[in-house]
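In TrEMBL this protein carries:
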DOMAIN    47-299  domain 'G-protein coupled receptors family 1 profile'
TRANSMEM  31-55  transmembrane segment
TRANSMEM  67-92  transmembrane segment
TRANSMEM  104-127  transmembrane segment
TRANSMEM  148-170  transmembrane segment
TRANSMEM  190-210  transmembrane segment
TRANSMEM  246-268  transmembrane segment
TRANSMEM  280-301  transmembrane segment
Amino acid sequence: MDICKIPENSSKCTVNTMECFMVLSTQAQKISIATLCGLFGTLCVFENSLVLYLIFSSPGTRRKPSYIFISSLALADILASIIFVCSFVNFHVFNKTDFSKETFLLQLGGVNTSFSASLSSLLLTALDRYISISRPSEYKLLMTRKRAWVALGVLWVTCAAIASLPLLGWNCCTLDSTCSELFPFVDGNYLSSWVCFIMVLLGCIVYAYAHVLWRAHQHVAYMEKHQAQVGKQNTRMRMDVMLAKTLVMVLTVLVLCWSPVLILMIYSIFARLSNHLRKVFAFCSTLCLLNSMVNPIIYALRSKELYSSLRMVFAQFRRQLKTFEESPETETTHKSSVIETVCEDTRVT
């Protein structure tokens, strides 16, 4: 099999070179990618849409800054799943190349914006919990709704601006620079900068949650030393233990889903990638989609308020379904009685 060489300068920046990045060589690989993207993408859109509905259908939750951040996370994950699945499957499975360089960079910018906004929303959620546990008495003064919306505005504008740089000119075709081995038309220096940006986000998230874990551990240790005081303190201790378990789950999923992609990106900056590693990168990219699918389960549906709202929605749905199932039977019974009456009248006549 011929090995396609990745272009290193703008003289080879043509749409035809995009075929070099189509690393899925067998039908089984394409079916696997399509199945993973279809499954993760569908569940991601459904779960996050449900989270948005639960948050904004309740006046109590949509006013709280913590749920504002979670709604931003859900919106980013919905956009990420839709744009990523459509562009990724279209490129790697159907091998579509009938679009311009600008169109491809626009799609890539949408994917980068969505995933960056997702991680940034996780960071704001982490900072929200950091402030709530480190400065509980000042939390309501520090974390207001206005500040939450301003923070989200800055977040989305920053992510969109960074993701748009290749489309605005920071690409290897315009600059006549070294191209990335993982993405068509992407400048190697831009990829390095974007990886650093994501690493900073992940580092801040890990630091914030590590501090929350440490404070929770301190509180549990304090409560164990004062077992004589029961009641509310034992309840608080159970809440801290549950919070610690949730945060461990958060960090584990975050690291497992993003580490393979970031490691391969960093490796591609310093060394050439084989076709096998590029195939591994294609499959590892779906882990970021998996992270977007798991986010609503970890951040939203483990919330008592949203879980209660979800139970109410399901209960209402079951009542409506039961009413819908019973209505045809009632109508049929009514029609049968009418027919019997008509028959009896005919016999009498």
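Backbone N, Cα and C define each Cβ position, glycine as well.
Stretch with the largest number of CB pairs closer than 8 A to the transmembrane segment (190-210), among 31-55, 67-92, 104-127, 148-170, 280-301: 104-127. Between the transmembrane segment (280-301) and the transmembrane segment (148-170) there are fewer than 3 Cβ pairs closer than 8 Å, counting only pairs 6 or more residues apart in sequence, which means the two stretches are not in contact.
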